[in-house]
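Worksheet: the structure to be examined is printed underneath.
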């Protein structure tokens, strides 16, 4: 840079001298920028690369790629953003000049995607490079040397905590932060340990006082424990003695019962073998029935699917047939149009050929005429004519030139008029053809719209049908769900009533007999008495069963004759005998009405009154069976009435609620257990009704299952609707395409043609007017030319014998013009016919016919394929139906076989049940004996376990208590609880029981009175007496706190721990004191380093803000929230602009925020100055007034304190710099920057006049 000011005398350690950039971002190749002056401004248009120069400075000073607006180092190479890097590396070198003139080169580059650092050309580590930077007071983390674009306002808007962090980094007090926090944690922990040890010592003193109290209780406690042990030993000996005696007796009975069971087992096995054989055959027959049923169900499903498929094929055939008819209509229309086009094309070609012949004949006629020539001149006259013509042209040269131009204009206007007329005619024909296309498309649109309407109507009908079918399906499903719900309830009721188990053979036969009687005598046989009535409440079931006991299953009929016929029927069919109650033969006594008025005893009712007849025919039979029998609440009441102790003093037949019957004769009968079983007959009646309802529900559900084909029909209709909707969508898309694309395009083209044609008449009128004007001009010039020619050719015309030379020339010209017009007319007509031929040829009707023929052929093939599939499906449906009928016949045969085998199986099973009953009875007795044995063995184990658990010393003859294992459950020392556990049957292995058999107890010490007890009650009473004595002793023991028998040992341990806790407390106090001293030292160092930096900044910031504002009324304040430890809390920064009241920082204007941020930056920089300061567009938010203030301050600072480099776009700012660096872009695919340097110091000295006389030339950085 020429004339650049020197910085050799610049105060401080040194300055940024020059910057060398090679292939960095937009700087292609190598550039040397500088030398930099005290105040250097970098200018240039947006996008030229100014910020890239800022990035280059930041890069060489150690910034990371993320701060340089790239993701990785390789993106810094020129061309990398467009994937065309110019090299594999880039480099930036900062030549730093010390105050003694020495220059050090700081170089940082990118090589193969990694960063490298060099000092004076020597490669160094990143740490060494940063250390060298810090030696010249450049700290990259604190960024005390640069401000990025847009960051100036963020500096002012930092939060107090962020401002504190900034001061921590600048003051380097954060270097003490880790040690500070570590010591603070250790100090807190040491103080907590000290407090813990102090509390521990207090607890040990309390424990020492308690140890003495324990010793005094030990002896008293031990005396009572000894007495309790003696009583417990006596109790367990007593219980074990009687337990072992019962075990020996049970073993003898078990051996005898096993012999009986062996004999019964052989009989049972033989009968079960017979049952198994018949049952196997029955199950096989059932499986065949189920298999055939499933097969029929599947075939029924397949039949529904085939019927649905048949329906779908029929619909498809009809659809294809309709498509075929439409396609044939379209083919006929295309053939008709193609035929018309062929006829029209032949006529046009014929007309064109005739015109061409006429034109050729006319051209021959013209040639012949020209050869004849009506006016012939001699050669001499022709030469003379030529000479005179040349003379006339020379004398009228100016006029001839004007005449020639006028003729050209006239011919041009005439040609334009003819051209516009031809265009008008062509447009009229094209508009006519386009109107035909529009009409054709409109016809197609109308046809397609009609098809859409028909399809929509069909779809609407199908949707209505679908809705109806779906409603039917929903109703069926709802009904099925209700039936299933009812079925579940019925099955649950059957399960609860135990009525769903298999009926006995006898009951089943009797049920079949009654059903047969009802079928043969439907009007005469009413049913069993138990089925024809029902107790009014369940609590009367047992009492009414007792009264009706003999006749509960009797059959009620109308007459004795019917009863006789029914008995014959039963004998013929070998059914069990039945009891009949014919209404006409029953002798019924009237009811005693006084019995309904009995008050005492309370609750007495006639049995007849508590039974509700459910059939009118049952009333007489019910009255016959019940008579005047009474039902009472209790046995005492029934007994009182039966023995004449009631209000009426008469004897009556009475039954209590529990079924005890008292006769007038004094006979009493009970049998409550048997009555309870018989009373279930009432439940059996309900069960029977439930079974019937279950069967009805199963039949209904099965019928609904057969309606599943309706669901398939739903799917079929839905598929047809989907097909229609898809076709509708396609047709609507085609209709939309025709309307919006084809018709709209044709209409637009027609409108364009019409508009263009409407523009032609004015243009034709304009051409006619221009032609008239050019013709008038031509005639005027022609008159002037004729005057000259008449004068020159006057003698020649007289000699030749013509009135004027123009008569000769006009005749020749007229003939020539007429011939040319005639020929042009022929050409126009031929061209018009050629255009029409081309237009008709473009219609290509035959191609449309071929397309329609192919479409008809394709649809016809599809139609035939569908018909073939329909025929095949019909044959398959017929075959499937015939196969189903055959399978149904087979199913009926298999059902009959299954029923026969079931009857045989029931007969065999009845015989086996008797043997099974005897075997089961013997087995139950054996189980009872074994259970008693096991119970007593477990009881013995439980007693031994309790002895071992309670550490009770039993006298043993042999064995050891070690054979008794501990159980993993809670126990008690008392015999009563041990007995309870034995009763519950604890989980003990057989091996454990056998092992305990080796334990033989010595009962010599057991008194005789305890051994002589024979029954369980006596044993229980003796045990209870001992338990009472033991409980009393235990209560006395439990009232005492169990003493610690090792009290002396505990006292010694307490004293030893007391000494240890005293020592630990002293050590903790010393440690806490030492750590606190260390913490206070680190705290002081951190505080001093922070305050040494913060105080000068806080003291100078107000002056700097006043200087920037150029007003002494401006105020800036910087203060810490925490005065004792300012680095722990925030730092407040507030500014009061000149002439304004105090406002928070975020309420200041953009310019005021910028001035405040600059004041803070310059104050911080003044405390920890870097050798130079780089600012990127800090004036963005400043107006011209503030720019002037900031620029003046920077100029003063640059002369006195620091080197400043500023990127700016505002002339008011950069015109005060000492030098300018201009950045400009080169035109290229990738942004490429160029650099200019310009020295302004000489102009500050020589002034503007010299600059005007000798304008300087900027130097280009290389």
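Even glycines carry a Cβ here, placed using N, Cα and C.
The range from 1112-1147, 1148-1183, 1184-1219 that Swiss-Prot describes as motif 'DA-box' is residues 1148-1183. Within the set 935-964, 965-994, 995-1024, the record from Swiss-Prot flags 965-994 under the feature region 'Disordered'. For the domain 'SMC hinge' (524-642), the number of residues in each DSSP class (helix H, G, I; strand E, B; coil) is 59 helix, 21 strand, 39 coil. Mean pLDDT, taken over the coiled coil (680-937), works out to 76 on the 0 to 100 scale. Across the motif 'DA-box' (1148-1183), DSSP classifies residues as 18 helix, 5 strand, 13 coil.
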